[in-house]
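Peer 1: This is the structure I want to talk about, given as structure tokens.
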Amino acid sequence: MNSCCFFVLFVLVHVALVIFVYLVYTASSQLGSPGVVYRRLMEVTSKSRTCSDPISHAGQACGPVKGNYNGSYLTMLSPGGLVFGIINIVGNFGTVFVDNGYWVSAIAARPSSTHKGYLLGGLVWFAVPFSLATSLGLGALALDLPISQAEASRGLVPPATATALMGKSGSVLLLTMLFMAVTSAGSSELIAVSSLCTYDIYRTYINPNASGKKILRVSRAVVLGFGCFMGLLAVILNKAGVSLGWMYLAMGVLIGSAVIPIAFMLLWRKANAIGAILGTVIGCVLGITTWLSVTSIEYGRIDLDTTGRNAPMLAGNLVSILTGGAVHAVCSLVWPQNYEWDTTRKITTVEKDRSELPAEEFKEEKLKRAKAWIVRWGVAFTLVIVVLWPLLSLPAKEFNLGYFTFWAVIAIAWGTIGSAVIIALPLIESWGTIRNVCLGMFTNDRLMEKLEEIDTKLQTIILTIPEAEKMYVLEKDKATAKRRETEHEA
């Protein structure tokens, strides 16, 4: 049921994504082609008017981008873009490594296919920021929409573009897309926090002998409590004026210090547990200190506006992630823990259920091949997307029409193929189950024949062995009593 719900959410998000991408570059009467978008972006760049409403920082022109090559939006020669890219990488490392939701999903997945699933999922996910930014983001600039800095920080650029191109239907479509994304992320975080509190805190330190029913009660209480906390925190941050953009940039400062220690704990036998804790705490404290210090030195005041600018955010993010890793590395070299990985096989389970996975899934040779595969392809894709792609775009300086058209085609293709994959693959993998369910719903003849055959066999056994009927009635009464007792305890 949960998998079905997540699948529906993914389908709706990616259908909306494809609609917006094709709307901007093929179907819109206001834009409708890469050529029109390109010409409009060049017109916006050429405007030299100065204003204070759309851009909050005084002295920055509405048209050309300060620091970019020729003030263009269509260039990789952008110091601000480079700084944002570094901050983005640090922050997103943190959101993946420190988010228990990713670990829960990895543990629940089949060991032999987890590595391929995560890499494929990452490529499909990249279509969302890349294709959506290339369509709705550049669309807002091409239409020269009067969006203020505060509105942009709150994430209102996509709805502004959607409304300008489609009217109310665009707003509804984007709201649906956003609602589905938030629902998916929110439910995932609820399960992640519940698992963390229930198994890693409650069962480990408070009640090691807790039964499955007790753990279920604690899990439900955590889901309810954390759900209320998330809603309350969102209201508080919104009232305090903390925007989505500010929070996105700051998350690397707050959680980036745990990235390298977590990686060491997974990949390095000498990794020290105390060193990981010290590295995380010290890195976070020094990152926040550096962030606020640079803000005070550069701008003379500390508030939401100044702390959200590039220089303080860059300094805080880098100090946080690098210090955390350095402290943990030093502690591990001086006091190596020499962890024995075999102890992970002794982790106790709540209920002794037989695993549905075959023993072959856990063979060491198979897992080593999976590790080699993900290292090889993970490093390759990282080099291509993060390093080679931007570097190969530098010689173009300011993109011409042909290069921009090529860029737009890649965005359209990536969004389309990624959406097709995320929609089609689950259906293909589950086709056998779907077919059986449909056959059971509309053609029950075969099922009824099987049931009649089983009933005939049981009747034959009961008639042949008189004691069998008494044993059947006795076991049935026991099962009924046990079920009632379970319902009463719940």
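Cβ coordinates come from backbone N, Cα and C, glycine included.
Please treat TrEMBL annotations as automatic predictions, because they have not gone through curation.
Summarising the annotation, TrEMBL assigns transmembrane segment to 7-25, 76-98, 118-143, 172-197, 218-237, 243-267, 274-294, 314-335, 373-392, 404-428.
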Peer 1: In the same chain, which residue numbers or ranges, 6 or more beyond the ends of the transmembrane segment (7-25), come under 8 angstroms Cβ to Cβ?
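Peer 2: That would be 31-34, 37, 127-128, 131-132, 134-136, 138-139, 158, 161-162, 165-166, 173-174, 176-177, 180-181, 183-184, 408, 411-412, 415-416, 418-419, 422-423, 426.
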Peer 1: Does the transmembrane segment (172-197) make contact with the transmembrane segment (118-143) through 3 or more Cβ pairs under 8 Å, each pair 6 or more apart in sequence?
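Peer 2: Counting Cβ pairs under 8 Å, fewer than 3, so no.
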Peer 1: Using a Cβ cut-off of under 8 Å, list the residues of the same chain at least 6 residues beyond the transmembrane segment (76-98) that approach it.
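Peer 2: The answer is 65-69, 248-249, 251-252, 254-256, 258-259, 262-263, 310-311, 313-314, 317-318, 320-321, 386, 390, 393-394, 396-397.
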Peer 1: Could you tell me what the rest of the chain brings near the transmembrane segment (373-392), counting residues at least six beyond its ends with Cβ under 8 Å?
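Peer 2: Here the qualifying positions are 76, 85, 89, 115-116, 118-119, 122-123, 126.
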Peer 1: Looking at the stretches 118-143, 243-267, 274-294, which one shares the most CB pairs under 8 Å with the transmembrane segment (404-428)?
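Peer 2: Against the transmembrane segment (404-428), the leading stretch is 118-143.
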